[in-house]
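Chemist: Per TrEMBL, coiled coil is recorded for 243-270. What TrEMBL records for 291-302 is compositional bias 'Polar residues'. Taken from TrEMBL, the feature domain 'RRM' applies to 4-81, 94-170. As annotated by TrEMBL, region 'Disordered' applies to 291-323.
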Amino acid sequence: MTTKRLFVSGIANNVAEDVIRSYFSRFGYMSEFTLPTERETGMNRGYAYITFSDDLSTSKCLEESSHKIRNRDITVTKLSDENNLATIGTLKSQRLFVSFLGVEGVTEDSLRQVFSCFGNISSIQFAKDEDGRILYYAIIKFDREEAVDSCLRVNHCVNGRSITIRKAVTKERLKLAEQYAREQAHLEEHQKHGYAGYGQAHTTAALQSCNPSPHILNNYLSQSETHEEHYCREYENYQEQAMLEYQRQLAEYHEKLRKYRDELQQYQMQRQYRNALEQATFHKAYNYNLSSQNEAGPSESHTSAEPDIVARMRNYGYSSTGQ
């Protein structure tokens, strides 16, 4: 297994290089650490390239369940080999991957202004997190594959800052293309030396019968992409149905919560009323017993205690009659 370069993304722009180095050094010795920075501000661009000196350190880093620097989640992935990049270049695609890390204020209109001159844009999709914030990259889909090839021939800037673009190819298409490239190399090798036990003429005829043309490969890849888009639409429909169900359950929860609050308020009011009634009863009995010891008699004291009872119950918000 050969050592792989790792691509680290999602780094906060104000994190120093020493902090990032210290975090990844716990997995092993790094033979390469590259942290691109802005020339004007000196702040990092939100991503880095790392190469460990041994495969064990690379595996430990990739097997980590999650990575965090300064309480912020970061993503660590294998960087595609040059062979993969070359394979991607041979594939046809109508989609363009645009990365604008460190560029603020990027909108759909600003991307259309930059890329609409290369062809008609059918859609622009921004990647967003759970809170709906843009994650600094987008997928632009053109009507023609030639538009993507034209975009890749020149450098681009958005809001005065340089951005990174590449052809957007699904993993399935990349694997199929890599398999096709391996089969091509295998067939070319046997074209030179022939199969054991057969002559060169038989070998050439066999290769021609099983060697698919690039046109057939592209048609097969296009069909694969069509199936993928179908599954994506089904997944989007599933997400929409799940969101509707969640909203329905949330509405039911709010309704139950409202009823609970009403019942709680009624219970509190009834409790206040009982407390006021108990206090009024106590004071009435106390004043009655006290007045019975005086010469005035209980009737006069009872009458004098009534205003006090009424006032106390009025302070609790209730009338003195009824429960």
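Heads up, the Cβ atoms here are built off N, Cα and C, so glycines get one too.
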Chemist: Limited to the coiled coil (243-270), I'd like the whole-number average of pLDDT.
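Modeler: 81, rounded to a whole number.
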Chemist: By DSSP, what is the split of the domain 'RRM' (4-81) into helix, strand and coil residues?
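Modeler: Counting residues by DSSP class gives 20 helix, 28 strand, 30 coil.
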